[in-house]
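Data first, discussion second: the structure below is written as structure tokens.
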Amino acid sequence: MALEAGSSGCGGSGWGGGFRSLMRRKQVDSDRVRAEGQPQLAKELNVPALVAIGVGSTVGAGVYVLVGTVAREHAGPALTISFLIAGIAAALSAFCYAELASRCPSAGSAYHYSYICVGEGVAWLIGWALVLEYTIGGSAVARGISPNLALFFGGPDSLPWILARHQLPWFDIIVDPCAAALVFVVTILLCVGIKESSFAQGVVTVLNACVMIFVIVAGSYIGFQIGWVGYKVSDGYFPYGVNGMLAGSATVFFAYIGFDTVASTAEEVKNPQRDLPLGIGVALAICCALYMAVSIVIVGLVPYFAMDPDTPISSAFAKHGMQWAMYIVTSGAVLALCSTLMGSLLPQPRILMAMARDGLLPSFFSDVNKQTQVPVKSTIVTGICAAALAFAMDVSQLAGMVSVGTLLAFTIVAVSILILRYVPPDEVPLPPSMRESFHLNQECDEEKDRDLLGDGNHNTSQTKDVIVVVESMKDPLIDKRQHKGKMDETKRRKIAAFSIGSVCVGVLILTSSASVTWLPFLPICIGCTIGVLLLLAGLGVLSWIDQDDGRHSFGHSGGFTCPFVPVLPVMCILINTYLLINLGGDTWMRVGIWLLMGVLVYIFYGRTHSSLTDVVYVPVAQADEIYRSSSEYVS
């Protein structure tokens, strides 16, 4: 029976039970699951609000610096193409996010998707990594506001004493009260309500976009006057070659990470099937257009080798007699940082809430305020932690850890798309409230069988007649065909699963071999060859076999569908894994310590408190029948 199989599959103790707990998957959080009494977030967001959140979280102050750094060191005048390629690479992940967000519109983003498609162990690590990403990201952004803000008061050290940075006399620590104060202000705003906070972020984002439009329009006017001297350099359009332009793409790729914030607000969207894909797509398109337009103008005003790596835009205007433009550009940087700070602190309480709902964290984090309909307790904890880091620690050296969480999430979302299309979950956990209905269904089926065949008090000849009639109704050809179809489907799922594994292993071997430059040429060549063969073999089989019909009924239907599967998700996995491996040993050492802490928390708390600890798994079709019969019984 499915009940017995499900129970034994999730229980147990020791190493076997521990491994099974890593693989257990939860059901898509649909309306019928939410009806069990979990507190709801306010559905207040529409497409304009989602676009404001996406653009505000993505367009940070980095663009005001990246233009000069990447042009000088990597791309030269080809910086615009670097931004375009990075935008296309980010769009691969955006397509995957758009489908999963519309099918599984619940808080948690990549954590939620991986819990449904991959398993509890991977989902926990993704959620744990995202917590680190948003905490450090928010602290780093807050820490960068005060130096830019000080320029309006006359210089780097001109802020009022209460907001200025100070070095503690007995410790080698430079505290930043301004950063901590800004974090607290944003935290209070987020506690007021999602509608109010998204409106505030929208206003700040529009002002930042106006500054960037000023840079584009005023810079174009100067460029046509001086003849675009930056494009007339003797080195040509690709001074560092195509490899330099691609290296620039890898650098500016991180200027696009932020649209996943939109996916984290899925539960608060009025029409998630339509609005979430539109919000993600439009936000990414606007960011790419702004980046490319700014880079076209600034690279044309000043030759790439003469750019100021720290203040490329304001210094470009200053060289042409527009020193006053520095204040407008600095205003844009401050606005961009404030908007990014909101985007960094918004998703983390929702991820904590989703993990607490699943029992992996204490229920304290899942509380939703009845008045504001936001997770106020999680938001306050997030704000206190981010403010403490921003106040007492220079987290710029930890900025690489932010990229690890994002790239891990991007990679696992692409893997989840492959799983959804080829091997979607064919069993779902049955909530405790539905188990009585399950037993009632079983008893009804047994009673029907007894009525059909009769009990021991009936005439034996009548029972034999009924059995003969029932047996005669069975067609052996139909039974054989159904059995063969079931065997074929099982075989297809196994082949698909092995192919997805082959793709992932091949990508890991290929990117690792290509990145280890200190090895001799022959081992690198062998590793790359093995990785390419595994990757192409898995991709070829996935392209050849049929996708699972179960994907049509997975989660909420009628939303966005990711195109070019399996090629697009595989390309996404390849790009993100390559960037992950090349983040550096120091970054991975720090992240490894954090992930190890997460493993310990999961072992001693999450594994035993999970809502799936004693869950019963039943086939999807049987679960639908149980829900249907339960609703009929209630009505």
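Positions of Cβ are set from backbone N, Cα and C atoms, glycine also.
The domain 'Cationic amino acid transporter C-terminal' annotation in TrEMBL covers 560-610. For the domain 'Cationic amino acid transporter C-terminal' (560-610), the model's pLDDT averages out at 92.
Sequence-distant contacts of the transmembrane segment (47-67) (same chain, at least 6 residues past either end, Cβ-Cβ under 8 Å): 79, 141, 144, 148, 195, 198-199, 201-202, 204-206, 208-209, 212, 251-252, 254-259, 261-262, 265, 269, 275-276, 278-280, 282-284, 286-287, 290-291, 294-295, 298-299, 307, 309-313, 329, 332-334, 336-337, 339-340, 342-344, 346. The transmembrane segment annotation in TrEMBL covers 47-67 (among others).
As annotated by TrEMBL, transmembrane segment applies to 79-98 (among others).
The transmembrane segment annotation in TrEMBL covers 110-131 (among others).
Long-range contacts of the transmembrane segment (173-194) within the same chain: residues 41-42, 44-45, 138-139, 142-143, 145-146, 149, 159, 162-167, 200, 265, 268, 338, 341-342, 345-346, 349, 369, 372-374, 376, 379-380, 382-384, 386-388, 390-394, each at least 6 residues beyond the stretch ends and with a Cβ under 8 Å from a Cβ of the stretch. What TrEMBL lists as transmembrane segment is 173-194 (among others).
If you look up TrEMBL, you'll see 206-231 (among others) marked as transmembrane segment.
Annotated transmembrane segment per TrEMBL: 237-259 (among others), in sequence order. Here the transmembrane segment (237-259) has Cβ contacts under 8 Å with residues 54, 57-60, 62-63, 66, 69-71, 74-79, 81-83, 85-87, 89-90, 94, 97, 231, 280, 283-284, 287-288, 291, 304, 340, 343, 403, 406, 579, 582 of the same chain, all six or more residues outside its ends.
Per TrEMBL, the feature transmembrane segment maps to 374-392 (among others). Below 8 angstroms of C-beta separation, residues 41-42, 134-136, 138-139, 142-143, 173, 175-177, 179-180, 182-184, 186-187, 190-191, 193-194, 344-345, 348-350, 352-353, 356, 364-368 of the same chain, each at least six residues beyond the ends of the transmembrane segment (374-392), sit close to that stretch.
Long-range Cβ contacts of the transmembrane segment (398-420) within its own chain (Cβ-Cβ under 8 Å, at least 6 residues beyond either end) map to 92-93, 96-97, 99-100, 103, 109-110, 113-114, 116-118, 122, 125-126, 129-130, 132-134, 136-137, 140, 254, 257, 260, 500, 503-504, 542, 551, 554, 562, 565-566, 569-570, 572-573, 576-577, 579-580, 583-584, 586-588, 590-591, 594. Residues annotated as transmembrane segment in TrEMBL: 398-420 (among others).
According to TrEMBL, the feature transmembrane segment maps to 495-515 (among others).
Per TrEMBL, the feature transmembrane segment maps to 521-545 (among others). Within its own chain, the transmembrane segment (521-545) has Cβ neighbours under 8 Å at 418, 422, 492, 495-496, 498-503, 505-514, 566-567, 570, 574, counting only residues six or more beyond its boundaries.
According to TrEMBL, the transmembrane segment annotation covers 557-581 (among others).
What TrEMBL lists as transmembrane segment is 587-605 (among others). Non-local neighbours of the transmembrane segment (587-605) in the same chain are 18, 121, 124-125, 128-129, 132, 360-361, 398, 400-401, 403-404; each lies 6+ residues outside the stretch with a CB under 8 Å from one of its CB atoms.
Long-range contacts of the transmembrane segment (79-98) within the same chain: residues 67, 70-71, 109, 245-246, 248-253, 255-257, 259-260, 263, 276-277, 280-281, 284, 287-288, 291-292, 295-296, 299, 304, 410, 413-414, 416-417, 560, 562-563, 568-569, 571-572, 575-576, each at least 6 residues beyond the stretch ends and with a Cβ under 8 Å from a Cβ of the stretch.
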